[in-house]
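These notes concern the structure reproduced below.
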């Protein structure tokens, strides 16, 4: 019971803190850091951390450690290459999350980002032939309705008053979060499909993902901010708060990957619901976010839908049709069993 409550607390804190901290550093006055460099830095830190964990598991035996890496990454190159596709999607998703949170209120992003549950469910039905219960289909309908109400509320608010700053674009943020949800759903299901029967550890998979993620992130950074970074430097605009965001992205997702083993579907549903509430309350005090009746109704529908979706099926004929769940980072976005969820990013997360 203690482990469950600790797991719940960690999932809520990581889920809410990443979104709020990104929103905070992106709305501060002064020099802005390059988000593409932050994505690359988070991937590098994640890979280094996983390497250290595996070295520790091998009791510091450097030769055994190097042989393991060589066999897993080079010798089994076909297995490694399978992760190029999800790594590409996750790199895109991580960059899009920065765009979305930079242009949307944190609470609005947190609610809208739950559409990843809908996209994951649809891709699971189409690609993995998974079945959903009637309650889950109803919860997906309520989820869509709740997000739609929140968007209508935000659209009406924009017409009445200036909700965002001059450098923020609500439409751009909305498109970014929708594409991020689509990519999250597809990547999670694709990941589950290719990892069926895999014997590789969580840490090794994260290293393989991180290698591709770093290379693809560097390519995206050069394409989008290459000239500016060449002029101002890779670490331009990095403050202690920015480093905090990067560490949260890199280590928070790995922490959730461990904790999620002790959390059942209902607990993860509660964690997501509490995260929405925490993000909304903090946004009121930190960013002056205004909560009205429409937002409360929409967010309430989303919270209820997330909880309903996490409920176990009344009758599960076999383990293969077990309840589909969506994990929160960052590392953990997506569907499937707890082993698969451990790879899925960040629980932004916003994995």
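Positions of Cβ are set from backbone N, Cα and C atoms, glycine also.
TrEMBL does not curate its annotations; it predicts them automatically.
Summarising the annotation, TrEMBL assigns transmembrane segment to 37-56 (among others).
Summarising the annotation, TrEMBL assigns transmembrane segment to 135-152 (among others). Long-range contacts of the transmembrane segment (135-152) within the same chain, counting only residues at least 6 positions beyond its ends with a Cβ under 8 Å from a Cβ of the stretch, are 108, 111-112, 114-115, 117-118, 121, 174, 294-295, 297-306, 308-309, 311, 313, 323-324.
What TrEMBL records for 172-191 (among others) is transmembrane segment.
Sequence-distant contacts of the transmembrane segment (203-223) (same chain, at least 6 residues past either end, Cβ-Cβ under 8 Å): 34, 36-37, 39-40, 43-44, 46-47, 50-51, 53-54, 57, 68-69, 72-73, 80, 83-84, 86-88, 90-92, 94-95, 195, 229, 254, 257, 331, 343. According to TrEMBL, the feature transmembrane segment maps to 203-223 (among others).
If you look up TrEMBL, you'll see 235-260 (among others) marked as transmembrane segment.
If you look up TrEMBL, you'll see 267-287 (among others) marked as transmembrane segment.
Sequence annotations record features per position, and here TrEMBL assigns transmembrane segment to 293-311 (among others).
Long-range Cβ contacts of the transmembrane segment (293-311) within its own chain (Cβ-Cβ under 8 Å, at least 6 residues beyond either end) map to 107, 111, 114, 117, 121, 135-136, 138-140, 142-143, 145-150, 152-154, 156, 265-266, 268-270, 272-273, 276-277, 280, 323, 325-326.
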